[in-house]
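Copied from Swiss-Prot, the annotated features are:
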type     : residues                                       : note
BINDING  : H175, H177, H245, D267                         : Zn(2+) 1 binding site
BINDING  : D179, H180, D267, H494                         : Zn(2+) 2 binding site
BINDING  : A336, S337, N338, H468, T469, S470, G471, H472 : substrate binding site
COMPBIAS : 63-74                                          : compositional bias 'Low complexity'
COMPBIAS : 713-722                                        : compositional bias 'Basic and acidic residues'
COMPBIAS : 783-795                                        : compositional bias 'Basic and acidic residues'
COMPBIAS : 796-806                                        : compositional bias 'Acidic residues'
DOMAIN   : 813-877                                        : domain 'Myb-like'
REGION   : 58-90                                          : region 'Disordered'
REGION   : 695-723                                        : region 'Disordered'
REGION   : 735-824                                        : region 'Disordered'
TRANSIT  : 1-70                                           : transit peptide
Amino acid sequence: MMKPASLQGFSSHASSSIYSDVRRPATTPSKMAAFSALSLCPYTFTFRQSSRIKSTVSCSVTSAPASGTSSSSKTPRRRSGRLEGVGKSMEDSVKRKMEQFYEGTDGPPLRILPIGGLGEIGMNCMLVGNYDRYILIDAGIMFPDYDEPGIQKIMPDTGFIRRWKHKIEAVVITHGHEDHIGALPWVIPALDPNTPIFASSFTMELIKKRLKEHGIFVQSRLKTFSTRRRFMAGPFEIEPITVTHSIPDCSGLFLRCADGNILHTGDWKIDEAPLDGKVFDREALEELSKEGVTLMMSDSTNVLSPGRTISEKVVADALVRNVMAAKGRVITTQFASNIHRLGSIKAAADITGRKLVFVGMSLRTYLEAAWRDGKAPIDPSSLIKVEDIEAYAPKDLLIVTTGSQAEPRAALNLASYGSSHAFKLTKEDIILYSAKVIPGNESRVMKMMNRIADIGPNIIMGKNEMLHTSGHAYRGELEEVLKIVKPQHFLPIHGELLFLKEHELLGKSTGIRHTTVIKNGEMLGVSHLRNRRVLSNGFSSLGRENLQLMYSDGDKAFGTSSELCIDERLRISSDGIIVLSMEIMRPGVSENTLKGKIRITTRCMWLDKGRLLDALHKAAHAALSSCPVTCPLSHMERTVSEVLRKIVRKYSGKRPEVIAIATENPMAVRADEVSARLSGDPSVGSGVAALRKVVEGNDKRSRAKKAPSQEASPKEVDRTLEDDIIDSARLLAEEETAASTYTEEVDTPVGSSSEESDDFWKSFINPSSSPSPSETENMNKVADTEPKAEGKENSRDDDELADASDSETKSSPKRVRKNKWKPEEIKKVIRMRGELHSRFQVVKGRMALWEEISSNLSAEGINRSPGQCKSLWASLIQKYEESKADERSKTSWPHFEDMNNILSELGTPAS
């Protein structure tokens with residue numbers, strides 16, 4: 001019998017926890033240990049692959065080898081681990097409980113956790129780690145679909161990134177497309193304040209501009225890299241390699257660590273003749289293949305497209321050919337980030353002698369970033385201004401526009417509506433569509449093209465025209481790179497689930513045995529195949545994280561789907577909304593039912609020529625009448641809302657959002673008393689007089705204490721009261737007339753009576769809408785106590801109103817003298833702000849720092865609010881930027897030297 005002590009290489013219990021926070025010990029052995037020397041252990045261990053993704057370890061009993069045999073080879077070192085699962089020993093057919101390696105320092109050394117980009121196009125964001133040390137590769141956005149109304153951007157789960165910020169040691173960006181950098185303004189605040197961000201020089205220019213737009217200044221954390229030059233990021237030594245794409249400075253990443261090598265291709269294609277001369281680096285891939293690639297992750301976007309992509313040089317020739325053939329004005333549209341395509345358009349303009357005009361903010365954004373980085377094919381200052389278009393003949397112009405995807409505010413889309421301020425489309429125009437329709441945008445792009453065709457310009461587009469080439473590799477290129485790299489394991493990324501599955505099959509066809517497909521939030525463990533005692537097939541599922549998508553519907557609104565009420569927006573857009581306002585009037589002396597002025601407003605609803613609206617008004621009045629006299633306003637709102645919702649559901653099958661707002665009018669006069677009073681009936685005079693006393697009682701006392709200039713004559717008071725009574729009577733009379741009109745004008749269907757029409761809405765007013773017994777009891781208690789306290793309340797109200805009027809008379813507005821900043825105070829603010837600069841680099845919590853500056857000023861006898869200090873600093877920065885360009889201002893402005901000492905030393909200032 002085997003002693004328990006000899007099994008100490010395995011854990012005696014299984015663990016189902018995921019993502020351990022334990023750091024890997026520095027002395028962790030690199031190989032799994034055997035239970036004891038082979039010459040002493042009577043057991044032989046075999047490793048069998050489970051039907052699941054996880055691997056299992058099985059053992060069988062055999063005779064111990066002779067001591068003199070070659071079994072005295074190297075003894076494997078012990079490696080402990082937490083395992084779970086069930087395995088079976090095939091030798092003795094005994095089913096045993098086996099254990100599988102799991103997370104933590106004892107699990108697979110290489111770990112992959114996609115936060116976005118798998119099973120979708122866009123929002124690329126992936127965690128790659130060595131044990132519990134991770135780097136974040138890319139942080140992009142995804143554009144919304146039609147079932148997300150009002151949303152502009154979709155981002156990865158920043159809450160999860162914030163929870164894991166102690167594990168994320170660096171951010172590495174592959175290139176500058178929005179689906180790879182667009183979420184950085186939201187991701188960076190979620191990370192540790194010292195986490196560095198690595199990117200190529202052109203990509204970094206785009207990142208700086210994006211962060212500046214959101215008020216984020218982290219200059220000290222932004223690091224640039226160059227291809228084939230290694231740098232350290234977290235647990236990995238990273239070597240960027242050159243790949244060709246539809247944007248400059250696109251890089252693949254080769255990650256090295258002691259436990260294996262990982263190749264992340266980024267977005268790529270193989271262009272044999274790129275316009276910038278930077279060809280796809282096959283030599284680097286061949287060298288890395290010889291070194292050994294444990295895991296390869298590759299772009300899957302165009303795996304369903306057979307063959308190979310065409311070169312950007314072919315597109316450039318096609319553009320020149322079409323521009324030369326055009327006799328009128330030429331208008332092109334393409335992706336603004338494709339700097340190489342803009343260079344081809346510039347070449348076509350130069351050959352044909354046309355002037356170049358850029359219409360669209362994003363075009364200038366990418367061009368200026370490329371100009372600062374030295375990669376721009378066009379000098380931005382050489383472009384014709386948009387307002388000068390009319391000064392040139394159409395045959396002398398080449399207009400470059402945004403809007404290839406029919407974005408709502410893009411230049412070409414606005415021109416298709418005829419609402420562009422830059423230019424108007426004409427029948428003589430030639431439009432070159434040098435782009436691809438992104439999946440999901442087909443409908444709106446086709447509508448834009450239909451509007452353009454209706455105006456009359458000639459549209460040139462399509463594959464046969466060679467006006468566009470994809471920036472993502474086709475199937476032939478994907479297969480070639482798989483054969484060059486020859487990875488041990490392959491994980492398709494960047495694409496819909498269908499694309500990932502097809503790319504996995506392509507990997508298997510090239511001879512890669514270990515492939516898999518995972519989804520966002522699924523953590524995958526990978527081990528080098530030489531470490532077979534850890535994982536027999538190299539892959540292990542380490543659990544799943546429930547990620548939440550984050551949404552932005554503007555510059556400030558940001559949150560989850562529930563926080564931005566996306567489902568509610570969709571429901572309102574589909575089923576409509578009803579807004580019900582009720583002005584409640586409690587009954588007078590001669591009445592015992594509630595009355596109210598009801599107004600119903602609907603949006604996005606079919607009203608059946610007013611029939612449904614009539615039914616809603618009738619039901620609302622009936623539901624309100626069914627409520628007790630002492631019914632709370634909240635119960636009225638709930639009762640009427642429920643009735644209206646049921647009516648619409650039965651009438652049209654929709655479930656609209658119903659918003660009911662009930663307000664009480666304590667000064668309203670009952671219609672019968674007003675009518676009797678105006679007709680001169682003395683029997684109801686006491687009721688109106690009592691009401692008049694209640695209404696005017698407080699005003700008389702307050703007016704007695706007002707200044708003589710504010711007093712009103714008795715005639716004016718009587719005239720005002722009479723006008724109010726007449727208005728109230730008119731209001732109630734109109735309401736009764738309207739109610740009767742609804743009853744009389746409802747079109748009754750043939751073969752049905754008015755009673756049947758009334759039964760439609762009466763059936764919805766059921767006992768369920770009445771108050772509960774506890775509510776009724778509370779109402780009765782309130783009703784019993786109100787008469788007793790009426791006299792006290794009236795007298796108390798009179799006193800309070802009189803006191804309030806007295807205080808208003810005594811208080812008069814005073815002129816507030818502006819407290820200007822003194823020069824010595826400004827110097828102190830500059831000094832204190834400079835001392836706290838490093839803390840101001842943290843995006844959140846800046847107001848607390850301004851409060852600290854304000855308190856420090858208060859300690860020195862200077863009373864300034866945090867907002868005043870912040871406004872002063874913003875003004876100083878603006879003045880400093882203006883003074884830098886003016887030599888006279890440098891000497892005349894007394895604070896220039898102090899500001900220059902701080903800002904020139906610290907870099908970009910944070911406000």
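Each Cβ is built from the backbone N, Cα and C atoms, and glycine gets one as well.
The structure, with features from Swiss-Prot marked on it.
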{"residue": "D179", "record": "Zn(2+) 2 binding site", "Cβ contacts under 8 Å, 6 or more apart": "G117, I121, G122, M123, N124, G140, I141, M142"}
{"residue": "H245", "record": "Zn(2+) 1 binding site", "Cβ contacts under 8 Å, 6 or more apart": "H175, G266, D267, W268, K269, G471, H472"}
{"residue": "A336", "record": "substrate binding site", "Cβ contacts under 8 Å, 6 or more apart": "G360, S362, L363, T365, Y366, T402"}
{"residue": "S337", "record": "substrate binding site", "Cβ contacts under 8 Å, 6 or more apart": "G176, H177, E178, S246, I247, S362, Y366"}
{"residue": "N338", "record": "substrate binding site", "Cβ contacts under 8 Å, 6 or more apart": "S246, I247, G471"}
{"residue": "T469", "record": "substrate binding site", "Cβ contacts under 8 Å, 6 or more apart": "T309, I310, S311, E312, V314, V315"}
{"residue": "S470", "record": "substrate binding site", "Cβ contacts under 8 Å, 6 or more apart": "S246, K269, T301, N302, S305, T309, K436"}
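Of all the binding-site residues listed (H177, H472), H472 has the fewest other CB atoms within 10 A of its CB. Of the chain residues outside the Zn(2+) 1 site list H175, H177, H245, D267, T174, G176, H180, S246, I247, C250, G266, W268, G471 have their Cβ within 8 Å of the site's Cβ mean position. In this view, H494 (Zn(2+) 2 binding site) is surrounded by 28 other Cβ atoms within 10 Å of its Cβ, with every protein chain counted. Using DSSP to sort the residues of the domain 'Myb-like' (813-877) gives these counts of helix, strand and coil: 43 helix, 0 strand, 22 coil. H180 (Zn(2+) 2 binding site) sits 22 Å from H468 (substrate binding site), counting Cα to Cα. In the three-state DSSP assignment, the secondary structure recorded for H180 (Zn(2+) 2 binding site) is helix. H468 (substrate binding site) and H494 (Zn(2+) 2 binding site) are 21 Å apart (CA-CA, integer value). Taking all protein chains in view, 27 other C-beta atoms sit within 10 angstroms of the C-beta of H175 (Zn(2+) 1 binding site).
Mapped onto three states, the DSSP output places T469 (substrate binding site) in coil.
Sequence-distant contacts of H468 (substrate binding site), defined as residues of its own chain at least six apart whose C-beta falls under 8 angstroms from its C-beta, comprise V315, Q334, Y433, S434, A435, K436. Counting other C-beta atoms within 10 Å of each candidate's C-beta, the binding-site residues H180, D267 are led by H180. Model confidence over the domain 'Myb-like' (813-877) stands at 80, taken as the mean pLDDT rounded to a whole number.
The Cβ of G471 (substrate binding site) has 26 neighbouring Cβ atoms from other residues within 10 Å, across all protein chains displayed. Cβ atoms within 8 Å of the centroid of the Cβ atoms of D179, H180, D267, H494 (the Zn(2+) 2 site) belong to the same-chain residues G117, G122, N124, D138, G140, T174, H175, H177, G266, D299, site residues excluded.
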